[in-house]
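Engineer: In case it's useful when we look at the structure, here is the feature table from Swiss-Prot:
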DOMAIN    188-528  domain 'PUM-HD'
REPEAT    213-248  repeat 'Pumilio 1'
REPEAT    249-284  repeat 'Pumilio 2'
REPEAT    285-323  repeat 'Pumilio 3'
REPEAT    325-360  repeat 'Pumilio 4'
REPEAT    361-396  repeat 'Pumilio 5'
REPEAT    397-433  repeat 'Pumilio 6'
REPEAT    434-465  repeat 'Pumilio 7'
REPEAT    466-503  repeat 'Pumilio 8'
């Protein structure tokens with residue numbers, strides 16, 4: 001069996017300097033090559049200290065030659081003898097040509113391996129990560145397993161079960177924390193070149209197989225900043241094969257990726273670019289467990305995915321799945337800062353017959369929602385996006401309680417929304433009669449009275465008449481809120497109604513120096 005030793009590589013290439021005195025001079029001093037052996041323990045210890053400063057773990061055992069070969073369970077990886085370097089079978093199906101950067105290395109062997117749909121490169125990466133989290137050069141020796149992926153397109157690229165159960169491996173993934181930037185930076189400067197491949201960030205190869213070789217799986221790649229961007233670009237601009245592989249790799253991890261700070265972006269992208277069959281599969285996974293779906297909706301990242309899902313669903317099957325899963329969680333969603341956005345999306349992007357479940361629930365709980373911080377938004381959205389009988393029922397419920405809602409910090413916005421839609425003023429303003437003074441002198445309800453003056457010309461005379469009949473009219477002029485109501489009345493009224501109001505205001509000319517009365521007594525308003 002032919003063996004290659006990284007320590008004997010003759011093709012020396014400069015690696016990037018991380019600011020540690022330029023100690024990364026060539027492949028001979030690359031800290032990521034785990035097969036380097038130093039006879040001088042002091043020199044090795046110094047290098048370990050430098051690595052630790054960079055946040056890279058360093059075990060002194062990797063600098064010494066093992067006394068006996070280390071063997072991995074053949075059931076997981078085949079018979080591999082680890083003695084100065086890994087051995088690989090040159091005849092392995094799907095193995096690609098060794099890259100130019102390793103032209104001077106001896107041939108590579110893997111013995112008795114049968115991956116059954118598992119890409120040999122991710123398997124190799126997993127093995128390296130498990131025993132030496134800083135090693136990656138062996139992994140770079142394999143590239144472009146396109147033929148292998150084509151043969152196994154329906155089988156996900158996955159790690160060995162042996163590695164998935166290895167706690168040490170889980171805690172030492174090469175892309176965790178700050179080390180991913182250092183390792184990827186080292187790769188860019190290691191001398192490896194990909195002349196005909198598109199790049200991401202000007203350095204790394206934008207090729208699915210190459211990227212999976214780095215990260216180990218599409219699922220893990222989606223959780224990394226660089227990897228996530230690369231996946232989105234591949235889905236949007238890559239080949240059909242790339243898109244299909246990414247979809248098959250991610251579909252089983254959609255729920256957890258939806259709540260991941262980075263992974264949620266690739267799920268959103270798939271919802272947009274996938275065909276109807278693939279989109280139906282994603283919707284089915286997300287809605288299969290209603291409680292899980294509600295949890296995603298309440299998550300800061302997950303709510304974006306669900307909103308995107310609602311925006312992109314088109315078929316009756318997809319819409320039915322969304323409705324049946326969201327309906328039981330209405331009250332939970334409407335009381336949450338993330339959840340209420342999902343209900344708003346239902347109202348905005350689903351047709352009236354499909355968002356009916358939201359409107360009916362909003363009508364039933366109208367009194368509670370109107371005075372709630374988030375519920376008031378759902379009610380306003382319901383008013384804007386409903387028609388016919390549903391709209392009439394909702395308007396009737398709000399109008400019945402308009403006096404109380406007008407004085408509420410949140411309810412006043414719901415009443416103003418009704419006024420903006422110019423619904424019949426008969427029922428809406430009926431509760432306001434004999435209460436205009438009370439409403440005009442309050443912070444929230446004063447906005448409602450101003451809105452009535454602007455939107456309902458038929459109500460202006462009645463409101464002004466009630467203001468003029470107030471015995472302490474002078475007090476209204478100096479009131480921090482009522483003075484705005486009087487200003488608005490002077491601006492919108494005409495004829496005899498306005499003339500009576502102007503005459504009453506001029507009687508209190510002594511108040512024109514009052515800070516609240518300055519605008520009322522301005523020539524512009526009084527001479528209009």
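Each Cβ is built from the backbone N, Cα and C atoms, and glycine gets one as well.
Where in this structure would I find these features, and how exposed are they?
Structural biologist: Residues of the same chain lying 6 or more positions beyond the ends of the repeat 'Pumilio 2' (249-284) and with a Cβ under 8 Å from any Cβ of it are 156-157, 217-219, 222-225, 228, 231-232, 235-236, 243, 292, 295-296, 299, 301-302, 304-306, 308-309, 312-315, 317-318, 321-322.
Computed over the repeat 'Pumilio 3' (285-323), the whole-number mean pLDDT of the model equals 97.
Sequence-distant contacts of the repeat 'Pumilio 4' (325-360), counting only residues of its own chain at least 6 positions beyond either end whose CB sits under 8 Å from a CB of the stretch, comprise 286-287, 290-291, 293-294, 297-300, 302-303, 306-307, 310-311, 319, 369, 372, 374-375, 377-378, 381-382, 384-388, 390, 394.
Through the fold, the repeat 'Pumilio 5' (361-396) approaches residues 327, 330-331, 334-337, 339-340, 343-344, 347-348, 352, 355, 405, 408, 410-411, 413-414, 417-418, 421, 423, 427 of its own chain, all at least 6 residues removed from its boundaries and within a Cβ separation under 8 Å.
Remote same-chain partners of the repeat 'Pumilio 6' (397-433), defined as residues 6 or more beyond its termini with a Cβ less than 8 Å from a stretch Cβ, comprise 363, 366-367, 370-373, 375-376, 379-380, 383-384, 439, 442, 444-445, 447-449, 451-452, 455-456, 458-459, 462.
Here the repeat 'Pumilio 8' (466-503) has Cβ contacts under 8 Å with residues 434, 436-437, 440-443, 446, 449-450, 453-454, 457, 460, 511, 514, 516-517, 519-520, 525-526, 528 of the same chain, all six or more residues outside its ends.
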